[in-house]
Structure formats: structure tokens, C-alpha cells
């Protein structure tokens, strides 16, 4: 990611709004074409200038940024246009969705607003030429370039979601389990509801099934409330009042550990105590608003509601929770001055907060992304809070099935009596499943089966060996077959004169200067075949090196001369005269490429 980070740094003063947060992902360094890589290194160097730089240097910097934006915009246009002079807006949005990004993504607001304005004001019928397209995407060019170059955490998102959809359909046929009946409002839930949404740490989204129907978080709010309390109060203070160990008992037991505090924040007693710690100096309304604002930020400001009917139902039928509250009060488990009834009220309110699978998946992705919301880039929770929360979800999140779930699935998760399961794949994605029928342990029957099938197909289990787990798929990597064919595909496109394919490759994970076993580049092949349009694209759009030598010491110009392609000879001679690559730059480029190759091997 060094080159992209350099670009983001260079563009920050130009008003780029597509910042992204997340923990690092190995082997995701873009292999830009020679010219683009050269511009990026210039931008990175100029980004390190001191505040006392002279005005001409700033002008050069602005010019370099403008050229860099223009080049990336052109490459993006060529990739989507596939040889056409204008792009229909619907074609762009379709290609965008294939990467996993949604047109409603907050990070793409500027781009989508500009395209909407173009449609309203232009008579072109929703068609974008190169200049207009570049203007529309310029504010979000970094994010879009990452998306179309497949530099997100899941590169082949369509293939991955195809597998997810097949698992979803398999699990849909399950009919076991019963809807929770001890809370009257929950008893009215439709047992046929079945939905799954996912959101990656890069903001790639996918939903299947009933994913827009609101449901109450219930116990899924427990890890979120705990994370908020750790972020605001710190680990040491919170764990004076609640433990960290699985209880081995039912989640609603009147039981404390040897220290006289609730076993963990995932059982009712622990969740009630954690609720009592939040904003102790505020009234009930202020406490609820405080937590709701946090939850909204975690969900990227997507759907968040409140079911007053469920809240009233909880209060009317919550005798067990009242008993737990009085038990905690008698054992002096609350901080001094805490109103036990106010703590219970807040607990009931938080359990009655509504989300959809879609907004819930963003909350899970915020946990997967170290506390940074992937679709807004806002830092919501501290890294310490996320680490603690995921640890407890892993050991205590699935009621009495927690040990079995940790064994078979090996991922942090939290279930709820509403039929929801919040699942986190750290550093990769978050998921929210909804299916009201519960098994005998109180977990969603379809939800747990889906999680097990997901981990049996993909190497997401905490202890799957990423290097040697040959029987499982790793969606974080491009397929070995694809990587092995990149050189063949590139050179065949150059051989056959397929400029459209080369345009697509320019924004894929492909270096346009890579060589075959004879050290021949695409420019060598195009020059030998006399494909003038291919040569133009490689030297004008990709700025490839015309001095690359094959195993016989020939450069592309030599091949054009040998096969008497006079137009290509003239074009390459003019390009060689204008192409300058100093020894220092060449050494730096070679060192950077060597380092990238080394990192990809580690």
C-alpha cells in the first residue's frame, strides 16, 4: 500500500474525500505501470517538502498532482469504455458494483453527485466522454482506482459472493428451530425470514435475502455496549465490575465469579453492570442518546431504529432480569450512586434498538476494521476496545454453544434471541445473519449452520493455516491460476492487437512492463507485429519503458526495424527521444520492484 498511501498524501491537500481506515493487509501493493509509478514517486517526494519550499516548487507539486489525477482518470476511463469513446453512466455503476462498492457509499458522494448533475444538465443522454468522466471521478480517484485494480481485501468479489449465495440457498432449506416466545413481541416474528449481509473492511457490500427488514439487536448489543464502555472508560476500570471468563452457566443465571462480579459482559448480569457504567453522571435520556450516537457511527449512519413495543414488552415480562438486578444490587456489584432501575431501563432500551442486516453488517465490519467504520473512515472505537470485545465474543458470544462455535467456526460472534448473529472475520469483514427460529441453546438455527458452512469453504477459522490449507479457498488472494496467466494474457493481447484488453489490464493487478521467459515485454510483441494502436496505448497511456531488453539484447525498436514496420519505428523513435529515465530513477524503480516482489513472497 506504500504507493497508494503516497498518492493519498499527495492528494490530501487537493481535497480528496475518499480516505479509508483499516488494519494492514499483506501483499496489496499496487503494481502500477512505469509512468504512473514514476508520478507516484514524484508525488511522494514532493509531499515531503518543508513548509519553506519556494513557490515554483509548489507549482510543480500542483502540476504533478494534476497530471497524476489525469492519468489515473484516463486509465479508469479506458478500462470501463473498452474501446468506446463515451461511457454510459449505467455501465460505470454496473462495473462499480462488481467490485463490491455501492453507489450509495458515502465515500463516493462527490462522484455520484457530479454524475447526477451531469445527467440533469447535459443533453448527452447519460453518456460520459473522457474529459467529463475524469471530472466526475477526480474527487474519488484513489478509492475507484483501488476498486478497479482489485486492490481491496477481497479482490474477486463477484466470485466470493457467488459462493456466499450458494451457501445461503443451501441453508435456506433448513426448517428446524422455534421462534422465541418468552417475549411477546419476538413471538410475532416471521419464521421464514432469512437474510445475510456482509461488509468488508474496504467497504465492499453484499446482501442476500430479507436484509432490509428491521429487527431488535437484543443480545447482539452486548459486545457493542462493552466496546463503547472500554473506549470511554478504559479496560482497567470496566473490569473492576465485570470479569472476562466464560461462566459455564446459562446466560440469565443469578451467578457471580469468585471475585463477586459477573463472569463476563456477554451474560445478562454482566451486560446490566456494563450498562450502569455508561455516563453515570447523566440522566436516562442522555445515556441512551450517547450510546445510540455511538451505534450510529459504527453503522456508518445507516438504518438505526427503536422498537418501543419491544421495550415495553421487555419491561413487562423481564422478571428474571429484575431478579438479576436486585441480586447485583444486594451483592454491591454496581458502582456507588448507580440507580439499579435506571441501569435496567437502559439495558432494556439497548436491547430494543433496531437495525437491518445491512446496517448490522457495517457495525460488524467496524469491529473487523479495528474500530474504524469502513464506509465513513471515522474512528469510532479504540483498538484496545475492539481487541477486548472480539476476544470475549470468541469465548462467550454464543451462549452455551460458545465452546462448540469457537471449535468449529473459530471466529468472534454474538447471537441474540431475535435470531440474529453478528459475525466478525478480523481484518476482512463483518456479517449479520437473521433467521428467527432458534435451536435448543438459543442461537439461530440457520445462522449457526451458515457460519459453519462458510468456514468449511473458506479459510476464515482463526487457526486455519493460510499457507498450507489447500482444501479451503482464500478469497483474500487472487487465484494462482490467474496470477500465472497474467503474462500470457498481456502478451497475447499485444500480439493480437486487442487494445480493449490492454485497457482492462492497465487497471487490473498487472504490471504493463512485466516480461516473459525471454524477457520480452508487451511493447516488444506489439512492435514486432506492427500493431500501431497497441504501441500508442502502451507508450502514451502506460508510459512503459522503451529501452527494456530481451534475452538477445533487443529493445522494441529493434523488433520494429527487423520486421519493417515503419510507422511503429517512427513512433518509437519519437517516444525514445522524449522518454528520460535517469540512472538514479532506474535504480530506485528496480529497488522498489525488488522490495515489492520480496514482500509478496514473505
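Heads up, the Cβ atoms here are built off N, Cα and C, so glycines get one too.
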Among 237, 294, 347 - the residue Swiss-Prot places in the same substrate site as 219, 268, 314, 321, 399, 417:
347
Within the repeat 'ANK 1' (518-547), count helix residues (DSSP H, G, I), strand residues (E, B) and coil residues, in that order.
18 helix, 0 strand, 12 coil
Check the repeat 'ANK 2' (552-581) for me and report the mean pLDDT.
90
On a count of neighbouring CB atoms within 10 A, which of the binding-site residues 347, 399 is highest?
347
At the level of the C-alpha atoms, what whole-angstrom distance separates residue 399 (substrate binding site) and residue 329 (N6-acetyllysine)?
24
Cβ under 8 Å to the repeat 'ANK 2' (552-581), counting only same-chain residues 6 or more beyond its ends: which ones?
38, 518, 521, 523-524, 526-532, 535-536, 539, 543, 545-546, 589
Taking the Cβ of residue 279 (N6-acetyllysine) as the centre, how many other Cβ atoms fall within a 10 Å radius?
17
